[in-house]
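These come from TrEMBL:
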- 38-425: domain 'Aminoacyl-transfer RNA synthetases class-II family profile' (DOMAIN)
- D136, L137, T138, R163, Q179, D183, R332, Y336, Y337: L-histidine binding site (BINDING)
Amino acid sequence: MMLTLSCVRFCSGLTTFRTAAHVRPLHSVSGITVAQIDEEVAKLLELKAQLGGDDGKNQFVLKTPKGTRDYNPKQMAIREKVFNTIIGCFKRHGAETIDTPVFELKETLTGKYGEDSKLIYDLKDQGGELLSLRYDLTVPFARYLAMNKITNIKRYHIAKVYRRDNPAMTRGRYREFYQCDFDIAGQYDAMIPDAECLKIVHEILSALELGDFRIKVNDRRILDGMFAVCGVPDDKFRTICSTVDKLDKMSWEDVKKEMVVEKGLSEEAADQIGQYVSMQGGMDLAERLLQDPKMSQSKQACAGLSDIKLLFSYLQLFQVTDKVVFDLSLARGLDYYTGVIYEAVLTQAGVAPVANDTQNGAEENVSVGSVAGGGRYDGLVGMFDPKGRKVPCVGVSIGIERIFSIMEQKAEALAEKVRTTEVQVMVASAQKNLLEERLRLVTELWNAGVKAEVMYKKNPKLLSQLQHCEEAGIPLVAILGEQELKDGVVKLRVVATREEVDVSRADVISEIKRRTSEA
């Protein structure tokens with residue numbers, strides 16, 4: 001649009017210049033002849049006409065805003081399947097649901113996200129209130145608990161959030177996207193709710209069959225203790241934590257450079273951090289670190305390591321330790337975490353291959369990014385309570401958009417036929433002038449709770465009706481003809497096998513229900 005207006009203004013300016021040149025008694029201006037000026041002006045005036053001139057009717061490109069997208073029926077069918085799987089899991093674990101406004105008071109969100117606060121969408125002043133679009137569902141949840149004086153709840157919340165990020169659409173990163181959150185608020189014994197959150201992540205990722213995955217676990221107290229014994233000043237804990245959080249996207253050399261050069265950490269402290277963040281394991285690693293000469297000096301770190309041991313004992317009972325790893329490089333940059341943190345990442349298996357991800361025909365275990373994350377945030381609700389009363393909370397957020405992207409890739413790669421409707425039967429006619437009979441039958445089916453449809457034509461061809469069923473994946477056709485009406489039957493046709501059977505009009509609903517329940 002700016003280019004269009006600039007061209008138009010330039011054309012107008014040249015027209016004026018050409019007029020002035022003709023007025024002056026010179027044959028050239030700065031070595032340019034009047035003929036050349038006329039020729040160039042003519043070209044630009046032609047361009048101006050193509051661009052629409054000054055009449056305000058310039059064409060604009062129809063597109064969605066940066067970082068957003070539309071979803072067609074096929075994509076929405078995939079989304080619905082994923083949502084149903086996730087909601088089914090949340091309900092199986094006893095969660096109830098809530099909703100909160102899509103925008104919050106700006107001060108509600110300020111100071112909760114560390115360096116990511118710059119990604120919050122601020123809105124213009126609306127009648128004296130400074131507002132921002134919600135960045136996640138966790139902070140609004142904490143505000144909801146404090147405002148309503150709720151001290152215990154197990155809730156899930158599925159809604160859109162907004163981040164002014166640089167989008168990477170192919171990797172499922174958007175500026176507008178859904179989050180699926182599950183949280184347990186309340187005073188309970190250590191690590192039992194935390195272990196259930198990890199069990200939920202394991203169940204969801206297993207049910208969606210996305211491929212192999214790992215759930216990385218750490219604890220903010222272990223990180224803070226590690227920073228302290230490595231010589232990180234107290235006022236640099238959060239900013240160094242944000243840098244460590246980039247290890248899944250950057251090499252250690254780049255992370256170290258950011259710590260030392262940009263954030264002023266000593267090289268010796270950075271090297272000590274590097275030794276710890278390379279460690280991975282399970283309960284055995286927690287036991288080893290409790291005996292570590294440096295880490296054992298930190299009460300914070302020891303408390304976190306003891307809880308990690310307890311967590312793994314519960315995870316063994318929940319039968320999910322095969323996918324969980326204690327990883328000291330996991331940091332999660334959000335400021336509100338106070339205890340256990342975790343993140344689930346998919347590995348390359350089961351996902352469309354990335355260029356150069358194999359060598360000599362052998363597949364590598366390549367991470368394709370985080371698909372879930374969460375942790376314990378015991379202090380967040382207290383930030384909103386006038387008396388600072390704390391409500392311990394732990395939760396997990398499922399990265400739904402990345403999961404959608406992977407499911408779509410899989411559907412395309414396998415050329416899967418995705419049904420976009422749930423119609424069970426098509427009411428069709430074999431001859432003309434049977435519209436009323438079709439409408440009577442489809443009404444009976446709808447009233448009985450059967451998902452059915454008819455073609456919106458008085459006399460559709462039978463072949464067209466059958467073809468529609470094949471294209472839409474409708475399993476049954478209820479065919480009416482003059483002979484069927486005389487005999488008091490409906491011809492039921494199975495689309496997949498083309499088998500046909502006459503069913504009495506009185507039994508047709510029960511027969512359709514029987515057949516569709518078996519499918």
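The backbone N, Cα and C atoms fix where each Cβ goes, glycine too.
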Surrounding CB atoms that lie within 10 Å of the CB of Y337 (L-histidine binding site), all protein chains: 25
Other CB atoms within 10 A, centred on Q179 (L-histidine binding site): 19
Greatest inter-residue Cα distance in Å for the L-histidine-binding set D136, L137, T138, R163, Q179, D183, R332, Y336, Y337: 21
Chain-internal residues, separated by at least six, CB under 8 A from R332 (L-histidine binding site): D245, I341, E343, G373, G375
Long-range Cβ environment of D136 (L-histidine binding site), under 8 Å and at least 6 residues apart: Y113, V161, Q179, D181, S397
PLDDT averaged over the residues of the domain 'Aminoacyl-transfer RNA synthetases class-II family profile' (38-425): 87
T138 (L-histidine binding site): tally of other CB atoms within 10 A of its CB: 26
